[in-house]
Amino acid sequence: MERKYLNSQFWKYILPSMFTMLLSGFYSIVDGLFVGNSVGNDALAAINLVYPIQVILNASAIGIGIGGAVALSYFSGRDETKSADRSLGSTITLLIVAGIVLSIVLFFATPTLLEILGASGTIYEYAYDYIFVILCGGLLPVLGNGLSPLIRNYGKTIVATICMSSGLVTNIVLDYIFVFLMEMGLSGAALATIIAQGVVALSCLVFLYASKLKEISLHCYVPSASLIKRIITVGISPFGQTMIPCIMIVLTNWTCIMYGGNDALTIYSVISYVLSSAQLLLQGIGDGVQPLLSYYHGKGNKGVIHYLYRKAFFVSLEVSVILFIGVYLFNEPLTGLFGVSHSLYDGTKLALIITSLSFPFIGISRLTSAVFYASGRSKNSTFLVYIEPCLLLPVFLIVFSSLFQLTGVWCAYPATQVVLSVIALVLQSPNLVADHEKKIVEVSI
């Protein structure tokens, strides 16, 4: 009976989480689709180049949001209602502060950051037009991305999905109006994104107020030092998981410019969209099982934690294999979808196939990292998240690109993920071995 109940809860959380994470990644992809087909290759390359700046906002929001959500579920599992309420209120306060501060700092730092990222000429102008509008409304994506994990951890996974869906539909409609009909270019695409994120943020706030916020007192919005530390300690891993694709983009952009110029940048812009979508979908599995893991961590039930990990592990493998097969079979339509010039078709298709080999290994590392931070092993999670951009990817990019030029750049991705997944399994293996003798005990959610 317990396993049947756990299985139903597992799918209740996993499926909406995967869909929600995929939707969150579609905002930039939608912009790329409209801009690539309306403005051209340089505009598509510009959005890809400036993407890391935009994702600093999203990563901070997701880090704070998941950090607060983990604390909320943990205290709920221990039946500490006041602490759970304070976790909710404090998380909202931190999101607002982070959104305002980061927008201001990034606004003044943008010219320097664009130069560091390698923008020049027309691409620099396009990139600046886009990110200027994004940062003017920077608080909205922070709230939109940060409030969703809180709603999910209250068990309202469908509500979180509806909120994200409403924003995506808004983004698509406004992109068509601003970019195609009004010919506003990248500024129009950015404005569509900001308005859409505002719709998400407002939807989340309305739901949270109606269901919970109106019941908690004002002092719950004042975060204590210990709660801030708890949220940041947990949140640093999901922050890194969200930022890693951007760090990878920066490192790869530099290498692409070195070995292939602007044509290589255009090819990589398509690859980065596909990779980030797959990463978000696979991260959704870890984020989906996280509320259950945090709750049972609060209950002290390690048997359930390991059971859920094993189940999520095999789901992650199945999804990643399906993603690889999809890219392999439909790489040509994917290439054409972004309006890439015909002269770059063959190079883009080859790069898509090579980089998609990393999908199964991304699934392993993302899930294991989520299990670590959800069950109180933040050090393991942090190590696993940050060793990829700080050591593994740079080494493989340098070695492979020096041996195989631009093809080596694409090969660096699966090589990095293979090593990272091995490290993840080594870190997790003692817990799996110990679990062979454990039994799942009866608990209730």
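Just so you know, glycine gets a Cβ as well, placed from its N, Cα and C.
Bear in mind that TrEMBL entries carry predicted annotations, made automatically and left uncurated.
According to TrEMBL, the transmembrane segment annotation covers 12-30 (among others). Sequence-distant contacts of the transmembrane segment (12-30), counting only residues of its own chain at least 6 positions beyond either end whose CB sits under 8 Å from a CB of the stretch, comprise 47, 51, 54, 58, 145, 148, 152, 155, 157-158, 160-161, 164-165, 167-168, 171-172, 175, 193, 196-197, 273, 276-277, 280-281, 283-285, 287-289, 291-292, 312, 315, 319.
Feature annotation from TrEMBL assigns transmembrane segment to 50-75 (among others).
Counting only same-chain residues 6+ beyond the ends of the transmembrane segment (87-110), those with a CB under 8 A from a CB of the stretch are 53, 56-57, 60-61, 64-65, 67-69, 71-72, 75, 128, 131-132, 135-136, 138-143, 146-147, 150, 208, 212-213, 216, 220-224, 227-228, 231. If you look up TrEMBL, you'll see 87-110 (among others) marked as transmembrane segment.
Annotation source TrEMBL lists transmembrane segment at 130-151 (among others).
Within the chain, the transmembrane segment (158-182) has long-range Cβ neighbours (under 8 A, six or more residues past its boundaries) at 16-17, 19-20, 23-24, 26-27, 30-31, 33-35, 38-39, 144, 148-149, 151-152, 188-189, 191-193, 195-197, 199-200, 203-204, 207. Annotation comment: TrEMBL describes 158-182 (among others) as transmembrane segment.
Packing against the transmembrane segment (188-210) from elsewhere in the chain are residues 27-28, 31, 34-35, 47, 88, 92, 129-134, 136-137, 140-141, 143-145, 147-148, 150-151, 156, 159-160, 162-164, 166-168, 170-171, 174-175, 177-179, 182: each is 6 or more residues past its ends and has a CB under 8 Å from a CB in it. The feature transmembrane segment is assigned by TrEMBL to 188-210 (among others).
Marked as transmembrane segment by TrEMBL: 231-254 (among others). Beyond the transmembrane segment (231-254), the same-chain residues lying 6 or more positions past its ends with a Cβ under 8 Å from any Cβ of the stretch are 48-49, 51-52, 55-56, 58-60, 62-68, 70-71, 87, 90-91, 94, 117-118, 223, 265, 268, 272, 275-276, 279, 283, 287, 366, 369-370, 372-373, 378, 381-382, 384-386, 388-389, 393-394, 397, 409, 412-413.
Summarising the annotation, TrEMBL assigns transmembrane segment to 266-286 (among others). The list of residues near the transmembrane segment (266-286) in space but at least 6 beyond its ends in sequence, with Cβ under 8 angstroms from a Cβ of it, reads 14, 17-22, 24-26, 28-29, 32, 36, 41, 44-45, 47-48, 51, 241, 245, 248-249, 252-253, 256, 260, 312, 315-316, 319-320, 323, 327, 334-335, 338, 340-341, 344, 347-348, 351-352, 355-356, 358-359, 362-363, 366-367, 369-371, 374, 409-410, 413.
The annotation transmembrane segment is assigned in TrEMBL to 307-330 (among others). Counting residues 6+ beyond its ends, the transmembrane segment (307-330) has Cβ neighbours under 8 Å at 3, 6-7, 10, 14, 18, 274, 278, 281-282, 285-286, 288-289, 292-293, 296, 352-353, 356-357, 359-364, 366-368, 371, 428, 431-432, 435, 440 in the same chain.
Annotated transmembrane segment per TrEMBL: 350-373 (among others), in sequence order.
Sequence annotations record features per position, and here TrEMBL assigns transmembrane segment to 385-406 (among others).
Distant neighbours of the transmembrane segment (130-151): 20, 24, 31, 46-47, 50, 53-54, 57-58, 60-62, 64-66, 68-69, 72, 88, 91-92, 95-96, 98-100, 102-103, 106-107, 110, 114, 159-160, 163-164, 167, 186-187, 189-191, 193-195, 197-198, 200-201, 204-205, 207-208, 287; these residues of the same chain sit at least 6 beyond its ends, with a Cβ under 8 Å from one of its Cβ atoms. Away from its own ends, the transmembrane segment (385-406) comes close to residues 236-237, 240-241, 243-244, 247-248, 251-252, 255-256, 258-260, 264, 347, 365, 369, 412-413, 415-416, 419-420, 423 of its chain (Cβ-Cβ under 8 Å, at least six residues beyond either end).
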